[in-house]
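First up is the structure itself, then whatever we jot down about it.
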């Protein structure tokens, strides 16, 4: 007991040191902004941060805005957001010398002088990638991840790292080290996760461009909840070298690196910059596919599949309305909309996603929490992963008649043999080809789908792991998927929510109804999907939705 007490005390000391470092980061940001204001009292920082990224980038490249003016304007705004929402874990102080060097740069990249925020789990040389784990503190990255290296070569200035939920396997944003990040639009709501710090910072206007990751909706939840845009590309379109993963080594559910920004044009600018020779030479496993300008700028009418529900997670009234209104606007603009029927989403979520991610029965996931002070944010997954096989079997059998979804999750978390894992990968591949043949049969270009919304109350995502069905489907399929905010929750939506029952009418459905409540005025997005490797078409569709 004494040894355990001493160990815990040492861990708490590490947490306290990390929190002090976070505090010092904010003090440094404040001092840097103060110095700049004293030297340049006439610079209007508010007008700089209000510029859309494409316009800001143009002004930086033509010299009408100096990089230091832009940099300190964003440091000031980011500091305000950090104070309000607790979204920043660390200030990258070396960014100040990068700004000074930027002035002398002969070759200006596409993101010249643009301050960029980076998710905690993406390596930046000399800084921790904690994933919210105490064991990862004081282990600075030896080098920048490939995506950060490419950003720098394109003239971008990574200036802060942002908060994540512990382990990344959550769509809330809280860990023991840095605490809870709040939604900038309503502090009682979650900003989403796991790229939640990015969602809050970009959503509040404290960063022009954010880089995050997505393994079940981790880019799309924060974007949708904070009223901004994001795209999850095909898993291997951007390099994941130097990007830490929540479940290392699993291949069933494809993870991806992608950008978050206020508008679609900014996402396109980011992908143009990243899909460069630099990316392909630094990581030769990334296919050398430069950004296809012709596809992105095309005006040809699209043939669009759509569905209002996946028959697994009942959409909130606002979600359903968002899809209907967008469908109508697209039809009026001359596009063709074709109903798409989704089937067996429950099988995809339990058998492919949950079983695929926890194919070892969750033992490697549990191992990550060994020696940690808290196992928060991952809901029941942690406890199910720890349970012995006989208990899982018994619980699954007992709960099947009363709570079929709970029974399915328990069954999905059993330990698989190598043979079973190979069969599972084959099943996922077959499912993907079935989905593709349905897509081709309808001759679709893209797909319009619901996106979970509005933002749930803080703490609810841990209780509602099943509500990831709308996003996780496209990680299992490995299709590019983006989100665009299209409407706000109305009083009428709130009124209709009183009749929300859900498809299973179980504890999860009742909890989700509560989690949706009180969201009047909050943004609701739709999801735009394209076929693998067609990010440019996905963005083109997103741009169309955004414009309409």
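Keep in mind that glycine also has a Cβ here, set from the backbone N, Cα and C atoms.
Unlike curated entries, TrEMBL annotations are predicted automatically.
According to TrEMBL, the domain 'Amidase' annotation covers 73-539.
The active site, charge relay system annotation in TrEMBL covers 119 (among others).
Summarising the annotation, TrEMBL assigns substrate binding site to 168, 194, 215, 216, 217, 218. In sequence order, 121, 131, 132, 193, 194, 213, 215, 218, 244, 245, 246 make up the list of same-chain residues 6 or more apart from residue 168 (substrate binding site) whose Cβ falls under 8 Å from its Cβ.
The active site, charge relay system annotation in TrEMBL covers 194 (among others).
Residues or ranges marked as active site, acyl-ester intermediate by TrEMBL: 218.
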Would you mind checking how many other C-beta atoms are within 10 angstroms of the C-beta on residue 194 (substrate binding site)?
35
Other residues, Cβ within 8 Å of 168, 194, 215, 216, 217, 218 Cβ centroid (substrate site):
169, 170, 171, 193, 195, 213, 214, 219, 221, 246, 255
Rounded inter-Cα distance in Å - residue 217 (substrate binding site), residue 119 (active site, charge relay system)
15
Whole-number Å value for how far residue 119 (active site, charge relay system) lies from residue 216 (substrate binding site) (Cα to Cα):
16
Which residues does residue 119 (active site, charge relay system) neighbour through Cβ under 8 Å, counting only same-chain ones at least six apart?
161, 162, 164, 194, 195, 197, 198, 210, 211, 212, 213
